[in-house]
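Engineer: Below is a structure I'd like to ask you about.
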């Protein structure tokens, strides 16, 4: 079954690429009209332009590779077919979000992403997965609540098309959508759910938490960028995205869990995308979003191979020596890591170079430049930390599993590696060939200089001894996990509702609560019943006295 689904997605990936070349300078809209009775009607619009086709083509490619990869990563699992169905519906929800130009379709895709991602996070069913799933779904519910309020606002207007944004001042509606995008893309202070979602299987992290779910908010802001123009040069938006970028890069240096390091890198790159949107560089943001989806999914898949080799171990201190045991996976990992760093002529280099050049011409405050370039340095630092310290120099464990017989995995990852290398030049020459930017020669080589300087800073930071309290502070995501849930548990205990609503909520909302409610209501009804009959007797007596007075006297 997984072969058919993988082949199906790969064919549609090729079809999307073909349509991308056909509709690159134009777009096609398909509108379907529905009448729901009365005066209410709805237009459902699909859009096929270079943004939807370009992003969807690589989402389909990554989905094809992930389905093929999952057959070997989760081989022998009793609920594997359930996993395939859930993942298939997730891809359909993402495609609905990408191609919909109608808010009703966006709402369906948005809610579908949230629901199905929760089912994927809790796939293993252990306590850690359930806790991570609850944190993920509750955090995203904040943004979904704003999306639902926006949906009711559209419903009150009786129209769900995108042209409603241009009919008047809808600042409140734009704020609701912006808040939804911030939570879905894990910007501060809603960043804690993304590292927690790493409890999902690694193929899920490769598809869901690198290229689809977390970029849904970014894609929404790119699609309706003209509507979000009030955010251009917004100080608060720039600060939140820049702090997300900086702190996630700093935390990745202290993290020992391999998947969480990659999750922190995803947070950092999401901050880069949001920061570029805040400066008006939404085309560069789209360019980086597509390139990032390719090399980050490849990075997750190669990490999944290393985790499988050590029978599920994710600690970096137990890794190493894969240059001898699995040179293919190490080569793939090297391509994706170097692309993440912005190594010259890889995909990450082209997208980041455009963003850096755009930011240099943005006229920002000096503090913004310092934080931005420090965040770029942290990107290089944690990438080389993974490459050198965790995988290359040391050999701290044995390899228990080999993928040598799984030729399909090698073939699929080679295809993804090819696009991870050439996607930067492909999209760069297609989308940016008519954009000229004149800069000093020193600024043009700033990306390369920054990368090599960051390697020196990495070796310096690696020699520093850090205290246990500092490591715990950084590992707790600056107390963001406390802020997201357990930090507010004292409120319920103060008001005395902890024991009722947390420990006895099943009993109070179940048979015990129903029986006590019936007993109380029955006694109340008896008293009301006796009072009711007494009042009837009084009114009947008064009415009889009135009749006697009228007709007898």
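Including glycine, each Cβ sits where the backbone N, Cα and C put it.
Pasting the feature list from TrEMBL:
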| type | residues | note |
| --- | --- | --- |
| TRANSMEM | 7-32 | transmembrane segment |
| TRANSMEM | 52-72 | transmembrane segment |
| TRANSMEM | 84-106 | transmembrane segment |
| DOMAIN | 100-377 | domain 'NADH:quinone oxidoreductase/Mrp antiporter transmembrane' |
| TRANSMEM | 142-160 | transmembrane segment |
| TRANSMEM | 261-280 | transmembrane segment |
| TRANSMEM | 286-309 | transmembrane segment |
| TRANSMEM | 321-346 | transmembrane segment |
| TRANSMEM | 366-388 | transmembrane segment |
| TRANSMEM | 409-430 | transmembrane segment |
| TRANSMEM | 436-460 | transmembrane segment |
| TRANSMEM | 481-501 | transmembrane segment |
| TRANSMEM | 531-549 | transmembrane segment |
Engineer: What same-chain residues lie close to the transmembrane segment (366-388): Cβ under 8 Å, and 6 or more beyond its ends?
Structural biologist: 238, 242-243, 245-246, 249-250, 252-253, 258, 261-262, 264-265, 268-269, 271-272, 275, 316, 333-334, 337-338, 340-342, 352, 356, 359, 450-451, 453-455, 457-458, 461-462
Engineer: Quick one: do the transmembrane segment (409-430) and the transmembrane segment (84-106) reach 3+ CB pairs under 8 Å, ignoring pairs fewer than 6 apart in sequence?
Structural biologist: no
Engineer: Using a Cβ distance cut-off of under 8 Å, indicate which of 7-32, 84-106, 286-309 has the most pairs with the transmembrane segment (52-72).
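Structural biologist: Counting Cβ pairs under 8 Å, the winner is 7-32.
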Engineer: Against which stretches of its own chain does the transmembrane segment (84-106) lie, if we need a Cβ under 8 Å and a gap of at least six residues from its ends?
Structural biologist: 1-2, 5, 9, 29, 42-48, 52, 55-56, 59-60, 63, 66-67, 70, 112-113, 116-117, 119-120, 123, 150-151, 154, 160-162, 204, 207-208, 212-213, 216, 219-220, 223
Engineer: With Cβ-Cβ distances below 8 Å as the criterion, list the same-chain residues six or more beyond the ends of the transmembrane segment (286-309) that contact it, or say none.
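Structural biologist: 51, 54-55, 58-59, 61-62, 65-66, 69, 73, 202-203, 205-207, 209-212, 215, 218-219, 222, 258-259, 262, 265-266, 269, 272-273, 276, 319, 322, 325-326, 329-330, 332-333, 335-337, 339-340, 346-348, 350-352, 354-355, 391, 399-403, 413, 416-417, 419-420, 423-424, 427-428, 431-432.
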